[in-house]
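Dropping the structure in here first, questions after.
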């Protein structure tokens, strides 16, 4: 998915790095698991400081919480028939990718952080499997966020044309494209010989460092979906601003002699008559739709904001480092890597917090189990 570290072969997060030399790295001065030092030193007992224990504990809790929360969302969607439709299929696709991140990617990344000298000691085959799943799952998670944003955008701006049938077809197509594109980016090095992930001499496991693949993977996995979600939110903002202006123009001044008249209950139009009074034409259906659209727009905004904050430090670093032949301190690389992983924890929190049906389903699920 990226140039050097999405495989998790980042220098250790949970400890101050040992002495490094730029000559240890065969390419851009980055030592990926080839330098000594770290949490566990060869031939020595691991120096488990309080800081090390704290950070490792937090990372283990993050992995467990990411897995359990996304699994809860998946179980709820499977068991509640009302969720067997859009947009919950997009939510389920996101939860699947995030569960796989928690199960297949984050644990081995933590093992790599703790390994002696940050070396990959699990063999070439497992290295390729790990990196392939890393790129596949993280890319799918990112593109699923873009798919949810697109679905909300079309629902808000084209609710008449975006019928249930159209929405079902569009969501199924977006899910298929998401996983197909993610698989292409993940498997391209293996299918087309686009660089090598495993270095047996240095015991190093990392995403292919081929410059052309670096550009292809970072753009396909992050910068393209980033452009999509930013464009979508800009359009949602414009649509909301337009509707707010239209509502203000719908407020009509009434003369002082105007009398109030109650509309039929179906439309629930309310007329108020006072001196210098106004009348607002708004049906209960319009009000309900506007509230729903407002919640959807807020959810999309928070989802996009968290997505950008979690991933942009990592991908900016991975784009700039090869161009300037420079490198951040190892501790920052690890922080940016795990910040990106944490997006898989925040995703289910965000899209369930804005849907009361999920909260009710969670309560019902646990009540039945008792």
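Glycine residues also receive a Cβ, built from the backbone N, Cα and C atoms like all the rest.
Grabbed the feature section from Swiss-Prot, which reads as follows:
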- 1-48: topological domain 'Extracellular' (TOPO_DOM)
- 1-36: region 'Disordered' (REGION)
- 5: N-linked glycosylation site (CARBOHYD)
- 20-36: compositional bias 'Low complexity' (COMPBIAS)
- 49-75: transmembrane segment (TRANSMEM)
- 76-88: topological domain 'Cytoplasmic' (TOPO_DOM)
- 89-115: transmembrane segment (TRANSMEM)
- 116-127: topological domain 'Extracellular' (TOPO_DOM)
- 127-205: disulfide bond (DISULFID)
- 128-150: transmembrane segment (TRANSMEM)
- 134: serotonin binding site (BINDING)
- 151-168: topological domain 'Cytoplasmic' (TOPO_DOM)
- 169-189: transmembrane segment (TRANSMEM)
- 190-211: topological domain 'Extracellular' (TOPO_DOM)
- 212-233: transmembrane segment (TRANSMEM)
- 234-300: topological domain 'Cytoplasmic' (TOPO_DOM)
- 301-325: transmembrane segment (TRANSMEM)
- 328-352: transmembrane segment (TRANSMEM)
- 353-370: topological domain 'Cytoplasmic' (TOPO_DOM)
Let me make sure I understand the structure: which of the disulfide-bonded residues listed (127, 205) has the fewest other Cβ atoms within 10 A of its Cβ?
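Checked 127, 205; of these disulfide-bonded residues, fewest Cβ neighbours within 10 Å: 127.
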For the transmembrane segment (169-189) and the transmembrane segment (89-115), check the count of CB pairs under 8 Å (sequence separation 6 or more) and say whether it reaches 3 or more.
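Judged by the Cβ rule, the two regions touch, with the required three close pairs present.
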From the DSSP assignment alone, can you count helix, strand and coil residues within the topological domain 'Cytoplasmic' (76-88)?
8 helix, 0 strand, 5 coil
Rank 89-115, 128-150, 212-233 by Cβ pairs under 8 Å to the transmembrane segment (301-325) and hand me the top one.
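Per the Cβ under 8 Å count, 212-233.
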Can you tell me the CA-to-CA distance separating the residue listed as 'serotonin binding site' and residue 127 (disulfide bond), as a whole number of Å?
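Cα of the residue listed as 'serotonin binding site' to Cα of residue 127 (disulfide bond) measures 10 Å after rounding.
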Which residues of the same chain, at least 6 past either end of the transmembrane segment (328-352), have a Cβ under 8 Å from a Cβ in it?
5-6, 8, 10-13, 16-17, 20, 59, 62, 65-66, 69-70, 72-73, 91, 94-95, 97-98, 101-102, 105-106, 109, 113, 138, 141-142, 145, 148, 299, 302-303, 306-307, 309-311, 313-315, 317, 321, 358-359, 362
Residues sitting near the transmembrane segment (212-233): Cβ under 8 Å, six or more positions beyond its termini, same chain?
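Result: 1-3, 135, 138-139, 142-143, 145-146, 149-150, 152-153, 181-182, 184-185, 188-189, 194-195, 300-301, 304, 307-308, 311-312, 315, 318-319, 322.
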So what's the average pLDDT for the topological domain 'Cytoplasmic' (234-300)?
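The average pLDDT of the model in the topological domain 'Cytoplasmic' (234-300) works out to 58.
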So which residues does the topological domain 'Cytoplasmic' (76-88) touch in its own chain, when a touch means Cβ under 8 Å and the partner is 6 or more beyond its ends?
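Beyond its ends, the topological domain 'Cytoplasmic' (76-88) has Cβ neighbours at 95, 148, 151-152, 155, 164, 167-168, 171, 357-358, 361-362, 364-365.
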Going by DSSP assignments with H, G and I as helix and E and B as strand, what are the residue counts for the topological domain 'Cytoplasmic' (353-370)?
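Computed counts for the topological domain 'Cytoplasmic' (353-370) are 15 helix, 0 strand, 3 coil.
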Just counting, how many other CB atoms are there within 10 A of the CB of residue 134 (serotonin binding site)?
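That number is 27.
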